[in-house]
């Protein structure tokens, strides 16, 4: 009874911050309200989309386009009108959500869907000394972890999974999987036709027409008929470019040769001329759709080569007819029906050339949009576990904190696996202030490269300050005097060894982000040469382990491609993770196999990698023990 009373008192007195009002957030807010919490604050930047309605049950069709945080508040107040819910339709990284803001809360509950925001919240919680309960789900999988400064590891104590990357040479020349065709259609062809014309693109743009003065075949002539232009693009990318690739016989010695596809091979001339002529004019006022124009109704049907060719021509025409003002600024969006139709058709035509089985629009959309369909029940389970851990935190019952994993298949009749939290990682640069080591050529590398590639990209600092000894060489943020800003701008373009305080071998950099109240040291080690293929940044950061940006590799160089960066329909993604440095954590199925009383967990490693879905996101991961939970190498809380 005393314990129950203690819990009730702790809940009533608590001031809670929720970050995220999506799949987990909706369930969490409802559960908090029904559990007796009376002072809840919610931060969420997003607005409600139609695709949210199948699992975010506080929202309705009439709410589409409105703030998630505000609508969630209004929905819960209808059945708990006497509690206080404060919504913020804003980015948690906004300067107003600083350390002082976080200090007012007793606990922070995360329901985020991206790594960058998670790291930011983790650092603010550490600085404010406020406990953080982290969570994530992917399909039937999920986890809840507790992070308390000085008692448990922080969110960044362990590395996160590395997103899948594909070499450009595979994408452009030798695809072997349907996902390669999707990446080609989405990140190369769609971007070339409808996106930023100035951005780098690995598509062959030269025509086989020697009489043409054009340097880029994708440019449309002023007086060129739209159908002729669409056919020309079709023949170039699916016909001429394949023939060009076949000319390199060395490539195909041990590979099956593709065959070029020209529009005349896929569609008779009269069919090309009639394409889209039966379009439903009643649809004119709605979003343009090649499927509607062509009378194709079933998104789960696998189209023939002829149908894919018709959809390709029609969708390209509709972009120029109905959305011409957007061309040049478009980025693929899985919620853009016409874009999905174009990418599906293009990927299927390319797949047919390389002997790869075609996919339906439904399947292709899942791959192109990095979709792992969320399960509302998993979100509800995880939300309940978050509240359980939050109550333990509020009571100060740290001996009973648990990291809990939700499994897809029962093991020993259990779907939930609780594990004691780990102590802080002494080598974590975030919570233990362990110095990092940066190998870099101090004579050729500019300060800008170090800030962009290391301090901002890898260390996740938003507004960094860089000091060499007692000399301030760079500062970012508002409030700088014009002469200071100009001076720092000049320093950015200087090589390290030529800065006002030269950075050479054994120099120590102090890097700080006042917004996150994060400070770390970087010891510089001069190195003359780097392997361009293995070390494309021209520098190596040691003592840091984190995710890499989603990239496509081109001739040894890695570059970002314009695509969605995180899995959709995934609520704060949970993913499997392989053995990491030190062997401290590993896959759950390996843990279970090591217990004689546990059944091996099946299909865990298949998460996000089925033929109909590809997860390439840098969100949260499910991290697992290295040994028996009672005898693991890492120390648990006592």
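Here the Cβ of each residue, glycine as well, is placed from N, Cα and C on the backbone.
Where the annotation comes from TrEMBL, it is an automatic prediction and has not been curated.
Taken from TrEMBL, the feature active site, glycyl thioester intermediate covers 169.
Here the Cβ of residue 116 (ATP binding site) has 16 other Cβ atoms within 10 Å, regardless of which shown protein chain they belong to. Positions annotated as ATP binding site by TrEMBL: 20-25, 44, 52-55, 68, 113-118.
The number of other CB atoms found within 10 A of the CB of residue 154 (Zn(2+) binding site), across every protein chain shown, is 23. As annotated by TrEMBL, Zn(2+) binding site applies to 154, 157, 428, 431.
According to TrEMBL, the feature compositional bias 'Acidic residues' maps to 615-626.
According to TrEMBL, the domain 'THIF-type NAD/FAD binding fold' annotation covers 8-428.
Feature annotation from TrEMBL assigns domain 'Ubiquitin-activating enzyme SCCH' to 261-365.
Sequence annotations record features per position, and here TrEMBL assigns domain 'Ubiquitin/SUMO-activating enzyme ubiquitin-like' to 438-530.
The region 'Disordered' annotation in TrEMBL covers 529-584 (among others).
Per TrEMBL, the feature region 'Disordered' maps to 607-638 (among others).
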- Task: Between the Cα atoms of residue 169 (active site, glycyl thioester intermediate) and residue 116 (ATP binding site), find the distance and write it as a whole number of Å.
- Result: 30
- Determine which residues of the same chain, besides 154, 157, 428, 431, have their CB within 8 A of the center of the CB atoms at the recorded Zn(2+) site, and list them by sequence. 126, 153, 155, 156, 424, 425, 430, 432
- Task: For the recorded positions 157, 169, 428, 431, work out the Cβ neighbour count at 10 Å and name the residue with the minimum.
- Result: 169
- Message: For the C-alpha pair, I'd like the distance in angstrom between residue 157 (Zn(2+) binding site) and residue 116 (ATP binding site), rounded off.
- Response: 15
- Query: Over the domain 'THIF-type NAD/FAD binding fold' (8-428), what is the model's average pLDDT?
  - Reply: 89
